[in-house]
Amino acid sequence: MATKFLSLACIRNESRGGLSPRPHYPSMPKYPKGMAVPQTSMEGSETEAVFSVIGMTCSACAGSVEKAIKRLPGIHEAVVDVLNNRAQVLFYPNFVNEEKIRETIEDVGFEASLILDGTNERPTHVCRIRINGMTCTSCSSTVETALQAIHGVQKAQVALATEEAEVYYDPKVVGYNQLSTAIENCGFEAIIISTGEDVSKIDLEVDGVRTDHSMRIIEQSLKALPGVQAVDLYNESKKISLSYKSDVTGPRTFINVIETTGSKRFKAKIFPGGGGGRGAHRKEEIKQYYRSFMWSLIFTVPVFLTSMVLMYIPGPKRILETKLVNMLTVGEILRWVLSTPVQFIIGWRFYSGSYKALRHGSANMDVLISLGTNAAYFYSVYSVLRAATSSHFKGTDFFETSSMLISFILLGKYLEVLAKGKTSDAIAKLMDLAPETATLLTLDEEGNVVNEEEIDSRLIQKNDVIKVIPGSKVASDGFVIWGQSHVNESMITGESRPVAKRKDDTVIGGTVNENGVLHIRATRVGSESALSQIVRLVESAQMAKAPVQKFADRISKFFVPLVIVLSFSTWLAWFLAGKFHGYPESWIPSSMDSFQLALQFGISVMVIACPCALGLATPTAVMVGTGVAASQGVLIKGGQALESAHKVNCIVFDKTGTLTVGKPVVVNTRLLQNMVLGEFYELVAATEVNSEHPLAKAIVEYAKKFREVEESPSWPEVQEFVSITGHGVKAIVRNKEIIVGNKSLMLKENIAIPVDAEDILAEAEGLAQTGILVSIDGEAAGVISISDPVKPSAQEVISILKSMKIKCIMVTGDNWGTANSIAMEVGIDVGKDTVIAEAKPEQKAEKVKDLQASGYTVAMVGDGINDSPALVAADVGMAIGAGTDIAIEAADIVLMKSNLEDVVAAIDFSRKTFTRIRLNYIWALGYNVLGIPIAAGALFPSTGFRLPPWIAGAAMAASSVSVVCCSLLLKYYKRPKKLDELEIRGIKIE
């Protein structure tokens, strides 16, 4: 089942028919006012045109273009794709032409041109890049702006919490190397994670290579292999990086080629740490901050002791106050010497970050830290030099301020990256599901096992046969070719009960084999596996910004400049007040003068302000939230879906497969002629076996019960089979004309419907059953009643949603009688506004739009292709995990377990997450609003309390850590108790 949503996370995003991943669903067909044109003639002349639209930046732009097009007469459909900068329009050329549409788009304010061949549109690739060195939202905004300015980039989003960028680009216009160069030009390190191309990558370590010539021989041997796209050599680390097509070749082939090249002295293996990804980078970052902090402590502790502690102990005080040159003391020289490495070597990262930010016209956290520490350090240097050249100057140095500031900030950064590392624990746990080794089988031509070999699971290639013993993990996605067992898929799908597996059944890598031996043929390996795709989906969701994040982004643009102005103003105000005796001299501490007091207030304001906490408030909560939700079987596609879900106050449910099990079964058969029931079903099943309709399959499955001996029975030969869409089927079986279908088909075929049959059909409709008529040789022979049972938890889920003050509506393509009956059974109020029957796909979407127009925030829950328009139109689309690929792709949230309880869980979880985000913002804003005035000395006149700069710096570091820790509390989320009670009572979907 997990393979159903693999397309969600595909890194390569090919254009499909001009529709974006989240398009605006078009309105109903629009015809010119006053024109009564027959439907057939209109549709017959329908034309499609695709336009390139340059200048759109957001969904609001797309919406304005779409509305303008739809106002034109003769427009059938219009879909605007902001991601690929194009519009796809279906129109009737009798009333409007391409030029008129193009002019309309340009009237809205965008450049438009007609694409003559929309089918050959170039593909969009999605490149993921890790960015090292970002400290606050100002950094991420700078990088995002630089990427979006590149010609050929359609969309770029940079996430501070994950330190990654996701860039949608046209590979024909711009290359991924240009993207990384743009990031590096902004002053940050860029590491390509994936390029979006349809290739796999692997790093190999080669031992036994003594010369560059040997490496070149290996390179040539690998390049000669079919499917190899690129080979990069790293002679110093003896590493070879390969890009290849996994359906043509694989890593075992590479290792074999390397080890058989030349004199066969070379040995190859997967490069240690390869593919460590975000986790490996995070560990290295934690180590770097830890080392920097420990080194800073070595120098800062003596500085602190000489300035704050030893000065109050008579013996050490006498030594420290010993004058060397004029008024220059031993203590001042010691503090200068010890603080200099902290300022310029350990603190170099802040200078580097400041330079890079200022070079691009922005200011970040590093600028504030550099200004604050430099002010303290260079004033202290001035004080020391003046003391050395003066016989009467007695100044105070602030070397402890600069060194302690840097130490506390490094400690805060260390704790912050430590906490941020825990926000992606859910992804790490998913990645750990894959087994380290696998048993590879070699088969002969007859399929007999001739050899077994234990290999690294990363060396598995497509079409390999893998042996899975009881208790071990399935090493790769594939299908069973031998054996039978039960497999625990709870770690992937969330479904707790083991699933039976036999020949030809699919299995998912990372799941646990319970009780039998299986032989599996690998079909999806490496980055194509279900596990990798789920991980990628969650990573992509964590990249997507929630709309509320824009609030922090707006503040970050002017936050640092404002703080610099406030800091300077604070220093100036206190300095002038002291200069002109604006406050009593008794306020000035004995160890400093009015200038130094003013300087300390200014530095405190500079370093206490923290844009980092604001920048981390939303993304850390979204990261933790989406990860925890995924571990509970709810895949949320990013912050937008999470934010919309917490506002939902109306849910539209599809009936079939959502409120009901989705698998129709025959519940009753009434014969209208004297004949044996087995013979009746023999004729009906032979007719229906050629149909793909779910009701036909239910009849055939039921008919098998009359042939208990045969598992796959053969039915009588059928002639002249005809399928009448939406009505039924007819065929000749054993020289008898058999018609199976609804009432309208019988009337169309001039078959009389007896009164008894009418009564049976009415009774079936009243019981939410579908009545199917069968005629043999022109006479009604029987009525088959088919029902799709309601899911066991449906009634309780509707009741819980009502208690959450969420309006519940059911929409279905089924008849009114069945719809009303199902609604009553599950507890949905029956009425024209709450039950909509006989609805076509576009009518479902229109109903969603009507509800939105009435002021509701609407969620749509569905599973079929016919639900996808409504899923797209809704504020939040929720797809049942067992549904179709199209429905899942159109949805914002995927319920992997296919349980209705997860609808409640998803909404409750989104509400909890946004409560946490609000708390983060209250803390981050409150900290700055209260902290800056206190640092500026607002309490000093009345209480004598002032905040030393080093304490202000510690408070700044603590604010970021506290926001991340607040987000981490989401890891302890528990589902509503009512849902647990459902499971205790055994209400669970089979």
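Including glycine, each Cβ sits where the backbone N, Cα and C put it.
The structure displayed is predicted, hence computed values, not measured ones.
Database features (TrEMBL):
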- 47-113: domain 'HMA' (DOMAIN)
- 125-191: domain 'HMA' (DOMAIN)
- 200-266: domain 'HMA' (DOMAIN)
- 292-313: transmembrane segment (TRANSMEM)
- 333-351: transmembrane segment (TRANSMEM)
- 363-382: transmembrane segment (TRANSMEM)
- 402-419: transmembrane segment (TRANSMEM)
- 558-577: transmembrane segment (TRANSMEM)
- 597-617: transmembrane segment (TRANSMEM)
- 921-941: transmembrane segment (TRANSMEM)
- 947-970: transmembrane segment (TRANSMEM)
* **Contact call for the transmembrane segment (402-419) and the transmembrane segment (921-941): at least 3 Cβ pairs under 8 Å, seq gap 6+** => no
* To do: Using a Cβ-Cβ cut-off of under 8 Å, list the residues of the same chain that are 6+ residues beyond the ends of the transmembrane segment (947-970) and lie near it.
  => 369, 372, 376, 398, 400-401, 404-405, 408-409, 411-413, 415-416, 419-420, 422-423, 600, 603-605, 607-610, 612-613, 616-617, 620-621, 623-625, 628, 912-913, 916, 919-920, 923-924, 927, 931, 934-935
* the transmembrane segment (597-617) in contact with the transmembrane segment (292-313), cutoff 8 A, at least 3 CB pairs, sep 6+ -> no
* Any residues 6+ beyond the ends of the transmembrane segment (363-382) with a Cβ under 8 Å from its own? -> 135-136, 138-139, 142, 335-336, 339, 343, 347, 349-354, 357, 397-399, 401-402, 405-406, 409, 560-561, 563-564, 567, 596, 599, 602-603, 606-607, 609-612, 949, 953
* Asked: Which sequence positions outside the transmembrane segment (558-577), separated from its termini by at least 6 residues, show Cβ-Cβ distances below 8 Å to it?
  -> 138, 363-365, 367-368, 371-372, 583, 594-595, 597-599, 601-603, 605-606, 609, 611, 614, 932, 935-937
* What does DSSP give as the helix, strand and coil breakdown of the domain 'HMA' (200-266)? -> 21 helix, 21 strand, 25 coil
* Asked: Residue counts in helix (H, G, I), strand (E, B) and coil for the domain 'HMA' (47-113), per DSSP?
  -> 23 helix, 24 strand, 20 coil
